[in-house]
């Protein structure tokens with residue numbers, strides 16, 4: 001179908017549109033850029049082959065924060081009669097005297113801009129070299145910031161080829177998406193011409209210029225892989241390099257499609273807004289997401305590096321080779337990369353139990369998606385400023401979780417075959433969610449579109465209520481909301497059900513609000529024998545829903561749990577569902593405490609990680625809900641977490657597992673935060689030894705955060721030596737992880753002046769912008785009034801004040817996030833009221849606390 005002709009009016013007609021008009025599209029960019037790293041500016045020129053497909057007098061493209069030399073603009077030798085730059089819309093409209101010739105022509109222009117300090121567009125990042133602070137030049141274009149580096153059609157569907165040339169100081173390393181084609185040096189400046197790229201979207205173009213060392217490897221197909229680090233840190237890139245090579249080999253086989261580019265570079269950037277960015281062939285990372293040092297990095301950071309690298313390299317297929325047609329389909333990029341990263345890392349490190357840990361992602365998504373202010377996986381984007389908001393737990397974690405649910409429903413083999421077909425069909429092109437469903441339906445023969453549309457086009461998810469009626473099982477679905485109401489949504493739910501056995505599963509699709517499973521008891525006759533009868537829905541938590549059991553089934557499940565009849569994933573699901581039902585006031589806090597107590601002999605990292613999250617949540621809410629009981633509740637949780645902590649101790653053991661290495665610091669931090677005196681005293685003792693001797697084996701990278709929190713526990717304005725010592729550790733450390741740990745503890749103090757001093761560090765050069773959240777996140781609940789007076793933010797009494805504060809400050813970029821935060825305040829307030837209404841809570845706490 002031929003495109004509709006462009007309207008003939010003025011340039012104003014293009015304002016306020018969600019997307020650029022389609023009557024002209026770029027086919028090839030030739031870009032030359034000259035960054036000045038001392039003056040922090042850049043100049044550039046562009047020649048773009050543009051295909052005009054419908055009669056028009058206009059060319060409309062994106063530009064922002066650029067000075068375009070209007071006199072330089074030419075299209076096929078024609079100068080525009082009018083040049084309009086609309087800042088709010090970030091578009092450049094070129095109007096010509098007459099209709100432009102159909103077909104391909106070249107648009108040329110010169111421009112210049114600033115190497116900004118905002119970590120987007122073409123920006124500067126500071127680093128130290130031989131005691132001197134220097135600037136590197138870096139790009140970060142996703143989602144809509146390529147337009148801040150060069151004028152372009154800055155939308156994913158406008159794929160084009162790119163031929164870049166850079167003019168940079170001769171001594172610097174200059175990287176782009178493609179390998180160097182040729183290089184010439186003229187005195188202090190070298191000119192580097194890069195090979196032409198395949199078809200790609202603007203948000204994936206990348207440039208990095210600075211001083212670097214590197215380590216190098218090669219894939220089974222002969223692709224060169226490098227990890228670039230600051231000078232002297234190349235050994236810290238070896239682990240990421242190993243994961244990078246393995247990931248490219250894994251995805252090549254999984255998608256049955258080779259890695260599309262000749263090389264892959266991964267670069268550690270000191271100032272970086274996200275965790276990492278999947279630029280085609282030149283992946284950029286925050287330093288702590290790429291670098292790993294056996295001596296100074298913790299087990300959890302090692303795992304994070306593996307997952308992050310695997311995630312970004314999955315994008316080279318899912319996102320870069322096949323790209324979403326518009327930001328509405330962002331989840332196709334992020335949900336799949338999240339799921340694929342777990343699939344690949346599980347194959348590299350099966351001992352990590354990564355799919356059990358994946359339930360952290362599912363929990364995160366379930367939490368956000370049970371708010372009225374959530375959004376569907378597929379969300380309409382009407383303005384460029386709205387895009388950043390949806391890089392959240394819905395696009396990443398819910399996206400990955402519903403993919404896991406679909407793979408479980410279809411089977412791993414059929415699912416892989418369909419994904420390989422999808423990648424081949426849409427390579428070097430763009431796709432929508434419906435395109436993926438169509439391929440999956442074709443390969444599997446299952447009604448994938450009808451099933452999955454209920455999960456991607458409507459927000460939220462169901463809670464399945466399960467009741468035993470005689471020998472039958474009654475199921476009912478309602479949209480689950482933490483505010484206690486029920487939404488109107490209905491889903492097609494892949495139900496998995498285990499009856500007295502994890503191995504014998506029953507599967508069905510719940511398509512309506514109600515369903516009935518006949519004669520379920522006869523399939524599980526141990527009930528008649530007074531034996532171990534139990535029923536568990538959502539086996540291994542593959543489904544994205546919660547389950548609420550009647551009292552009889554709840555008691556039976558608790559017995560099965562204590563008898564270790566359930567999988568680790570099932571145990572986690574039961575805990576998370578009970579926590580959510582308590583917050584929504586659908587179940588009592590007393591029942592949640594009884595359930596938690598059933599885990600008193602638990603030793604698994606993943607299960608204890610979720611239990612720790614729940615106990616932390618309950619301990620915090622109890623301070624407001626039942627201040628007289630809060631101390632006893634903390635003691636109950638200490639009783640729960642102390643045995644596994646004692647078993648592990650502070651010191652690593654020879655040959656211990658990766659999961660035990662991650663469990664130790666989690667438990668120690670939890671005990672310090674709960675106020676366990678012995679743990680706090682031991683942490684303080686070990687810190688003092690560490691402060692005098694940084695090489696001591698008494699405080700390993702894994703346990704330092706617990707020690708730092710122990711130090712802050714006793715800090716005050718009149719006793720600040722521990723605080724000053726931590727600041728000294730922060731200032732002297734060259735390790736990113738170490739600095740983050742210290743930053744995250746400095747504000748963990750009840751003393752108002754110390755909290756304010758810590759918060760004010762954010763505005764100094766000592767804290768990089770990307771790390772400010774660590775200081776804010778460390779503020780403990782007892783100091784929230786201090787933090788609120790500093791930032792204006794927190795509990796129910798403040799809700800009106802918060803709303804008023806932000807009423808005149810709302811922008812599309814954070815409006816949704818703000819509404820979600822306000823809703824959480826009200827949800828917690830309702831939970832507090834519910835807890836206060838529990839007559840037997842004190843009795844429950846004291847019974848459990850004094851149980852032998």
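First residue shown is number 1, and so on along the chain.
From the backbone N, Cα and C atoms, a Cβ is placed for every residue, glycine too.
Caution: TrEMBL annotation is automatic and unverified by curators.
Listed in TrEMBL:
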- 26-204: domain 'Aminopeptidase N-like N-terminal' (DOMAIN)
- 239-455: domain 'Peptidase M1 membrane alanine aminopeptidase' (DOMAIN)
- 311, 315, 334: Zn(2+) binding site (BINDING)
- 312: active site, proton acceptor (ACT_SITE)
- 396: site 'Transition state stabilizer' (SITE)
- 534-792: domain 'ERAP1-like C-terminal' (DOMAIN)
Query raised in the report: Between residue 334 (Zn(2+) binding site) and residue 396 (site 'Transition state stabilizer'), what C-alpha distance do you get in Å?
Result: 5
Query - For the Zn(2+) site built from 311, 315, 334, further residues of that chain with CB within 8 A of the site's CB center - result: 278, 312, 314, 318, 319, 333, 336, 337, 338, 340, 341, 396
Report summary line: Integer Å value for the Cα distance linking residue 311 (Zn(2+) binding site) with residue 396 (site 'Transition state stabilizer') is 11
Report task. Just name the most isolated of the recorded positions 312, 334, going by other Cβ atoms within 10 Å of its Cβ. Result -> 334
Report task. Measure from the Cβ of residue 396 (site 'Transition state stabilizer') and count the other Cβ atoms within 10 Å, all protein chains considered. Result -> 23
Report task. Taking the Cβ of residue 315 (Zn(2+) binding site) as the reference point, list residues of the same chain whose Cβ is under 8 angstroms away and which are at least six residues distant in sequence. Result -> 278, 333, 337
